[in-house]
Amino acid sequence: MTAASPWSVKGIDPKAREVAKDLARRSGMTLGEWLNRMIIEGDGQTADPRLAGDDVPNRAYLEIVKDDAPPRIEIAEHPADEVGRVALALDRLTQRIEAAEGRNAAAITGIDHSVRDALTRLGASEREQIAVAARFEGAVDELKTEQARATERLRRIESEAAGPRSAEALRALEGALGKVAGHLYEGEARTREAIATLEAKLNQQSSGDPSALVEAVVARLGERLEAAETRTSDALRELGASFQALDQRLGAVETANPATGVQEGLDSLAATLTQKMEAARLEMAAKLRESADGRFDRMERKLGEMAAHVQAAEQRSAQAIERMGREIVGVADAFNRRVHAAESRNASAIEQVGGEVARIAASVEHKLNRADSVQAQALEKLGGEIARITEKLAERIGSAERRNALAIDDVGEQVARVTERLNQRHERSSQELVDRIRQSEERTLRMLEEAREKIDSRLSEAQRKLEAAPPSPPPAQAPAPVATAQRPVPPAASPFEDNYFSQAASFSTSEDEADAFDAPPAPARSFEVAEFPAAEPEEPAFAHDDYAIADGFEPESPRYEVEPEVSDFAPAEPSRPMSTRDIIEQARAAARAAAASEGKGGKAKSAKKEKASKASGSLFSGFGGFSTKKSKARLGATVTTALVVFAAAGALGAGVGGLLLLNTDDGNNSPSRVAQAIAGRKADVEVNGPEADTTPGAPRAAVALTTGKVVPAEVEAPAAPPTNEAKALFEDAVRKIESGDRSGVELLKRAANGGYPAAQFYLSKMYEGGKNGVKVDMAEARRWSERAANGGDPRAMHNLALYYFKGEGGPRNSTTAASWFRKAADMGLVDSQFNLAQLYESGLGVSQNPAEAYKWYVIAGRAGDSTARGRATALRSQLTAEAQQTADRSALAFRPQTQVQTASLSSAAPAAANANLGVAQRVLSQLGYYQGPRDGVSSPALRMAIAAYQRDQGLPPTGSVDAETLNRLSVYAR
């Protein structure tokens, strides 16, 4: 490709074409060589990926061994992508083109200013020429005016008689002619100065180098020059017309010859005067001859003198008129010569300006045509190179899009995997919380049962004491009740400080109590007069305030310990654990019974017992009438303790249930074990009546107390766990196979069909190696490895990943291989961790991520792999400090999953991988909805594609393969 060869590419800016050619010319090479150096040869050629992959040694540990150490593979190195270098070269080329465009814009701006200055000067010259023409016309008008005045004065001279006035008129005429001559001289001087100035400007413009100025002129200069030429031509035509009119006027003035008219007028005037004077003389002579004879001579002499005077006057007038004629002729001749000289100079100057303008226009046009041709050639070449580069970029962008699609699928699988792990954690935490709630309820029930038994024992003991006591004698002494009434009332015992069962024997050993039963009762009037602060009746037991703790409004929870107080009694375990509702109902029944017994038995009791019951106002004040101040406080503390423990357990259960419901992925879907636990204990947790939550806003714990139906997640039922029979079959089959008994193969198949992952993996290895009478069948080996991997065996996951990566026993799929390597790596398999790191490092099956590769190398190195440690050290230099810190933290926080977690994960895997998903993947790929692997495994991309298809078909966009969606997809499958 030469610098001048034409090339044709549409859509290229001429400026960019010219700039590219100019840069190539400055570099001393052709445009193609320059573009090759800038775009392709800038950072050096990269090696062929396939050759690079063949030259690099790999670690493929693919031999099958019997021990538990699975093989590992080495991934070939991948070449780096060249899109970055091409983009960098294009950026540099764009920057250079923009700089050249800036320089061109600056040059064009300067040329524009120069052209504007030239046009301004041309306009000034035109205005000066118009001013000169106007001055010429003014001078001609003044000349015409003066000529009219001279003609008028000559007419007056002719009409008037000869005398002093004629001389004055001639002098005035001479003065006017002098003024006219002065005006003409001044006009000539101004014209000369204007012409000299115009010549100087033209010389100044022509003295510069016009070729240097013309080279920088662009298309707009031609248009403006054409406009200037048009205006100049119009001005020249107007100036020519003005000069032509001036010439006509000067010709008229010249042909008029005012001196000839004056001479003829004077001659006719003289002849007329002569005739008149002759006639007058003859008449006067006749009259004189008639009238006088002596005086005739004197009159004749007088007339002779008069004739002489008249003749002298005529001679002077003739001489003056002749002089005036000569002056006028000279003035006209001089004016004519000067006007002709000015016209010739103006014509030559205008002709010179027109020639210069034409030459400049021709040069500019030539330069512009040459620049257009050069720019067209440069842009054609640049367009060809850009088209080639565009094709390469399109190919690389397509490959990048394909890699991005694979990366998106990988991300979707990772998201699904993370979601699966989160669900497992939620299930574990929910199960733990359910167990804790159950244990808490059991402890609460035991405490309540112990408290109830102790209360019953105390009540029965008090009842026995009341029955054994003698009947009270009639009142004999009045001072005794007064002394009893004036006894100071002890303060009520606080349930948070005293041990509520520390005075268990106070009913029989209390001295105050014995005095109370032995003392005779006082008259009723004494009790009516005595004033006690606590004598007013209180509200019935278990009123609305007593349930404030259950409502969650008690600001301070009990601080006393329960277990140490009840540990000494060791009550028997209840035959059946009571629910929270049963406890509440029994407490209500006890309160109602206490109130009823207090109302009925109060009349039959003594006044002292009645007064004591009124003063106490406690829950158990009506049982036997034996309660003192201290025993009342003990019993109240027991009931309060039971209620507080019950309320705390209920609130804890409600809060945990609400939290579990709110932490699920879907508002209507709960984990299966949580849903079962809630359904099994819904009767125990539900609270009605006063125990319902009365706080505004309905806290989150209320969610667990609602009676709404819990809808489980729409997933298929997980596979049943392997039974002990399958495990026993597997152990028996292994013993027989290792001893050489081929009947163990059938037992192994039965165990594998029973869903035992270890048996499935063992059978897969037998099909792979062809041992013990089993033929080599890689397809069967792959199938059984997949079943074992779905069952949660990490070795099977690693083996299945190798099958997918190498394409043994089925199609090759690096993305699926990376997924199974990831699952095995999560379970702590070192070789899978190493292989997964290699996949992330090379970008096979997953998006290339050096930080993730470094993390898995570090994890494998911590597990004892020295090669992984070396790889991690080599890869550390390629990471930023922040990425390295993040990867190190992730590696330190890594904990391998247990077999229980794997089993839980594998139970959800068969639900996602089924034939229906495979059909959906194939059909949606044909219809253009889905682009990804057709492995029958659910992914976010597949769910989005299914939702889009359902939306287009007018179905609910659930994202799952329901019956209607499967029927419509099956039409395309058939």
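All positions are counted from 1 along the displayed chain.
Glycine residues also receive a Cβ, built from the backbone N, Cα and C atoms like all the rest.
Of the listed segments 14-36, 336-358, 589-611, Swiss-Prot assigns region 'Disordered' to 589-611. Among the ranges 42-79, 460-497, 536-573, the one that Swiss-Prot lists as region 'Disordered' is 460-497. If you take every residue in the repeat 'Sel1-like 3' (830-865) and average the pLDDT, you get 93. When the repeat 'Sel1-like 3' (830-865) is classified with DSSP, helix, strand and coil residues number 26 helix, 0 strand, 10 coil.
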